[in-house]
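Read the structure below first, then the notes.
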Amino acid sequence: MPFLGGIGMCILMLQYAWIVRDPAMINVNVFGLLTNTVYMAIYYYYSPQTKDTLALIGKATIFVMVFLVYAQMESPEKIEYRYGLIVTILFFFLMASPLIHLKQIIQTKNVDILPFPLIFMGTIVTFLWLLYGIIINNTFIIFQNSVGFVLSATQMSLFVIYPSKSKDKVTSQEKKD
C-alpha cells in the first residue's frame, strides 16, 4: 500500500518542515498528503477487503502518532537532528519497499509486480528534492534524496533488465489477431 506509506511520510515530513520552518516543504507535503489521501480513499472504496485495509490504516495512524508525539516532547535543541534522522530512516524503508520483491523478480525475470509509474515518478521527485536540499543546504534532505534517488534508479534499472511480460503478452496477442 504505497499510498498509505505516502500519507504517513507526508504527515511526518510536514512536522519536519514545521521544525525547520520551510514553507516550500510544507506546501509540497500538504499537496502530497491530499493526493495520497484521495488515492487511498479510492483504493478503500474498491477494495474487497475493507476490514483489512482499515486495520492497516489504524496501525499506520498509531505508528505516525508515536513520532508526532515524540516531536512535541523532544528538546528544541535536539529535535531537528533527531527527527530528521527518524524521517530519513522511514523514508528509506518506503523507497526501498518495492525491492522486497527482488528475489522473485530475478527468479521470474518479470517486473510486473513493481509499480512502474510510482517508481518512475519517485526517481524524478527524489532527484528534484536532492537539488532543493543542495540549494537550502539541508543535510537530511540531501542525504535522504541521494539514497532515495539511487534506490529508485536501481528499481528503474530492473525494468530495463527484465522488461514487462504483460506487454509481451499483449503484443503477441495482437499479432495473432
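Residue numbering: from 1, along the chain as shown.
Glycine is no exception: its Cβ is also placed from the backbone N, Cα and C atoms.
Features reported for this protein in TrEMBL:
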- 29-46: transmembrane segment (TRANSMEM)
- 53-71: transmembrane segment (TRANSMEM)
- 83-102: transmembrane segment (TRANSMEM)
- 114-135: transmembrane segment (TRANSMEM)
- 141-162: transmembrane segment (TRANSMEM)
Contact ranking winner - 29-46, 53-71, 114-135, 141-162 against the transmembrane segment (83-102), Cβ under 8 Å: 141-162
Long-range Cβ neighbours of the transmembrane segment (53-71) (under 8 Å; 6 or more residues past either end): 1, 4-5, 7-8, 11-12, 15, 19, 40, 43-44, 47, 79, 83, 86-87, 90
Long-range environment of the transmembrane segment (141-162) - Cβ separation under 8 angstroms, sequence gap at least 6: 87-88, 91-92, 95-96, 98-99, 102, 105-106, 109-111, 114, 116, 119-120, 122-123, 126-127, 129-130, 132-134
